[in-house]
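First up is the structure itself, then whatever we jot down about it.
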Amino acid sequence: MLFLGCIKEVSDYELVISLPNGLSGFVPVTQISDAYSKMLTKQVAQGELLEDLNSLQDIYSLGTLVRCIVTGIEKSADGRRRIKLSIDPKKVNKGLNASALASGMLLSGFVSSVEDHGYLIDVGVSGTHAFLPRQKAQNYIKATKKGSDLKIGQSLNCVIMEVKNNGRVVCLSIDRSEVAASLATERQNWTLSNLLPGLVVKARVQKVTPLGIKVSFLSSFTGIVDFMHLDPEKSTSYSPDQVIKACILSVHPTSKVVRLTLRKAFLHPGGSPNQLSNDRIGAVVEESTVKVFDKQFGAVFELDDGTLAFARIKHLSKTRKSIKPGMFKAGCKHKCRIIDYSLMDEMCIVSLKYQIIEARFLQYQDIHTGDVVQGKVVALKSIGMQVKVTDGIKGLVPSLHLADVILKQPEKKYNIGDEVRCRVLECNPEGKKLILTLKKSLVQSKLPVLSSYEDAEPGLITHGFVVCAREFGCIVKFYNDVKGLVPKNELSSEPISCPDKVFHEGQVVKVMVLKCEPQQERLLLSFRLSSRAAPEDEKECVPKKKPEVKYQIGEMVDVKVLRRKDKGLEVSILEDERNVIAWIPTVHLSDFVVNCKLLWHCLQEGDVLPRVMCLSDKGEHVILSRKSAVISAVQEEQVVRSFSEIQPGMLLAGYVRNVMPFGVFVEFPFGVTGLAPKVSMSDKFVTDTKDHFVVGQTVIAKVMNIDEEKQRVLLNLKVSECSSSDSAAESFARLNQYFKEMKEIRNLLRRREEPSIARSLSELMPGQELQLVVQDVKEDGSAQFGGSCVTGLTVTATRYHLGGKNIVPGEKVKALVLHVDVLTSRVYVSLRKELLKQK
């Protein structure tokens, strides 16, 4: 499809093009012209910069109109689609041939060569040599003020002045007045196969509708001018048979639908549409008035200052289904936010979505160095991790900044889709560059952010990170690439002979500014914050001594719940005068994944949990577990305490540490870990590993192979391979443990929930028969029930479990309990006869 577009952004590798109807696309640097691509290839082959090769910024200006053709739709990693374009004249003008060229035609061309008397222009027509005399280019060169010559790869609007040898040679002009006066006529023999966007024509109005007008032009062509491209000053004054000037916006290759514009900025070739101040983007308009609504495209609004704005259909509401045409009748008022500006429509682009109106960040300009932002992991690469902050804003977390320590295998810590909290190290809106850090010490720091040398006043104390440790001292980096030197004598109150043995790259440190010379970008720092703070400095700047171990792995303790947190319980160990605080991760509350969430939900501050096992001996933070299978394995010495004890064929109880696309990592007590590859995970064929295991799940694993050199253990999780000789007794023991925990949960529920709800939840059991009353039958065939035995609960049966019965509200029925979801207070039942008979 051919479009007339307007250059919106220019970067080193692409042009961003504004297209009609609020769309935008991009032109890769390889889709400019043949001559420019050849020079790029030559530069890459030689490995050095060519003098004749100008950057895109040198040859393209914002606001320039260009003809382009759609070459494809690209889908990014986060699912967003981008329109890929080309402005190469061989593709844009492919419908033209030499014999079709005529005097007065307006073509797009590119400078392919600079000659003594002028320029060779690539117009993309096979067999045609186009020449631009130097005198015909002088006025244009003076007006652009970009040197004394046109540049190779530069885009030009050209008017054919003379055609020779049946189109094999044409003479061109780019004089602005001649280009602006050009008009496509019947004499030029345009056809539907070679009609080009950007041509200005005389058109006759055929029909006027609320959503636009239908016109005829060049004798045999018809086209559409939609409501967004009427002249705002004359939008209500068009009438049939009226002759008007119009510019072709797009030509569809198969349907041959031609769309045009009547906006003044496009009626003189070589012009430029009006632009909007960047200050306006991001503004929230409390009351915008609906002017026109179209259920396929969107709506046009009038903003508080009288300017027009367009909202695409997807930006009118959260979903298409929730859009009610009555809400967008002419005159209705809505709150919206300006999210962009369409150069081709000369309109603001707005959104009525609540999450966009309330969004903290809308564009890179809204983000400042030092801001703490929430993001979602979209890709893990060798250089770091890509994080999506909003739909239009992405940032990079360099490998050094993935954690307080350098991660050798970040894929074990982060998964695609994970929510992360980052801090902005650097933001460059012009280059759309956002550098983030995940180092907790920086993200959680309450100290001032040092982002410029001017802010580095002597005495300032702040956090930074080590980028270099050498014999002379340490180089510490801050935000916006500000860095300074900590000399050897300022590293500590005690002499440090080898700084590289004490400090490491990426280490977060607290420093004090001693001296700063902003003009020279010199910064002198110290780790010795003050004589009073010296002991604290030593703790941060020299390796910490491992605290004394308080509890041994396998030791059983009783604990009291102090508080519930997102991923576990903070508890205190009873009968310990030292008031030791410990941690029970949610996934370690039970062997059964479903019970873990239930127990976390039901336990309250002050509850006592007996016989919990110490799982970690790090001493800094005691980690505990209630997994009965893991506790039994430790107590019965069916564990390995080090890698050297592992033998092929062993059956070991452990828990899933991470689920990756290629397999599952399993951790055992005492810290030994192993990998169960995808092929060894299940007796069934595994398509997606996450369908089979979750993090924290208790498993029995069989050791298959050991690589002593790489310290790797390969495991098998297939049930057929991991069954012991006494598997039946073990299975009954596990089942018994499950019912014991369910009884515990019911007792906790009685105390936690409202009395009636708690009683209902605790008394209901799968397989129990109930007398219910039908409350509602929904469109999808499911039904909801009520009754005295299920007060306060939501009772549901899917269409399948209605057993073909045609029930109506108010009818009394017998139902069998299938499942009780304690977390949501939902009960799932079945009315199927075959299940009720078994009862």
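Just so you know, glycine gets a Cβ as well, placed from its N, Cα and C.
Taken from TrEMBL, the feature domain 'S1 motif' applies to 1-88 (among others).
If you look up TrEMBL, you'll see 104-175 (among others) marked as domain 'S1 motif'.
As annotated by TrEMBL, domain 'S1 motif' applies to 198-263 (among others).
Marked as domain 'S1 motif' by TrEMBL: 282-353 (among others).
Taken from TrEMBL, the feature domain 'S1 motif' applies to 370-439 (among others).
The domain 'S1 motif' annotation in TrEMBL covers 459-528 (among others).
TrEMBL lists 649-718 (among others) with the feature domain 'S1 motif'.
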Counts by DSSP class (helix H/G/I, strand E/B, coil) across the domain 'S1 motif' (459-528): 10 helix, 35 strand, 25 coil
Counts by DSSP class (helix H/G/I, strand E/B, coil) across the domain 'S1 motif' (104-175): 13 helix, 34 strand, 25 coil
Selected stretch (most C-beta pairs under 8 A with the domain 'S1 motif' (649-718)) from 104-175, 282-353, 370-439, 459-528: 370-439
Recorded stretch, among 1-88, 104-175, 198-263, 282-353, maximising Cβ pairs under 8 Å relative to the domain 'S1 motif' (370-439): 1-88
